[in-house]
Amino acid sequence: MRLESVAKFHSPKSPMMSDSPRATASDSLSGTDVMAAMGMAQSQAGFGMAAFCGKHELSQNDKQKAINYLMQFAHKVSGKYPGVAKLEGNTKAKVLQVLATFAYADYCRSAATPGARCRDCHGTGRAVDIAKTEQWGRVVEKVCGRCKGVGYSKVPASAAYRAITMLIPNLTQPTWSRTVKPLYDALVVQCHKEESIADNILNAVTR
């Protein structure tokens with residue numbers, strides 16, 4: 001069972017869950033099986049499970065839990081980022097909260113997010129390669145140049161920067177780009193890593 005099935009489980013079309021064809025109905029996962037598997041996955045990959053469930057609007061509580069996990073991670077690695085490491089006390093905590101909140105919002109973004117779908121590829125991640133299409137006389141596609149193949153626009157890092165300047169008024173754009181934004185980017189990546197970990201664990205416990 002993969003993580004995608006967790007979202008389906010919360011509004012199932014049938015009482016049995018399965019990602020692939022099974023030999024018999026008894027080979028499918030019952031609701032009890034799924035809940036038990038989710039519990040095991042949450043105990044081993046709480047961050048990833050909370051991140052995924054929050055992203056799919058399964059629980060507002062999971063959203064906040066995911067941001068809290070992300071803040072803990074940010075605090076742990078903040079020493080690597082000069083623009084954050086030098087901050088003290090309450091200011092640092094607030095900056096980490098802002099970074100975690102914006103990073104989680106970026107992780108949650110998809111082509112289904114209102115207003116986020118790429119205008120060029122309409123969410124497919126693919127666009128017509130005009131030059132090659134004319135050269136070969138048939139439609140040739142390429143990775144969409146606007147969205148880089150993801151099908152949607154990311155949360156602008158500039159929005160996080162503006163929010164941070166409310167806490168650090170003298171933070172310039174160049175300093176942000178060099179010393180703070182790398183942490184923001186790392187937080188987005190960490191969300192995807194934690195989801196992957198949770199997905200692997202859930203798959204392992206349901207084999």
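Note: Cβ is positioned from N, Cα and C throughout, glycine not excepted.
Predicted, not measured: the structure shown is a model, and the values here were computed from it.
According to Swiss-Prot, the features are:
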REGION    1-28  region 'Disordered'
SITE      Thr101  site 'Interaction with host rpoB'
ZN_FING   118-147  zinc finger
SITE      Glu134  site 'Interaction with host RNA polymerase sigma factor RPOD'
SITE      Ala160  site 'Interaction with host rpoB'
SITE      Thr165  site 'Interaction with host rpoB'
DNA_BIND  171-192  DNA-binding region
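Projection of Swiss-Prot feature records onto the structure.
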residue: Thr101; record: site 'Interaction with host rpoB'; contacts (Cβ under 8 Å, 6+ apart): Ile67
residue: Glu134; record: site 'Interaction with host RNA polymerase sigma factor RPOD'; contacts (Cβ under 8 Å, 6+ apart): none
residue: Ala160; record: site 'Interaction with host rpoB'; contacts (Cβ under 8 Å, 6+ apart): Val98, Leu99, Phe102, Ala103, Lys181, Tyr184
residue: Thr165; record: site 'Interaction with host rpoB'; contacts (Cβ under 8 Å, 6+ apart): Leu171
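On the 0 to 100 pLDDT scale, the model's mean across the DNA-binding region (171-192) is 96.
Residues of the zinc finger (118-147) grouped by DSSP class, helix first, strand second and coil last, total 7 helix, 6 strand, 17 coil. Taken residue by residue with DSSP, Thr101 (site 'Interaction with host rpoB') is part of a helix.
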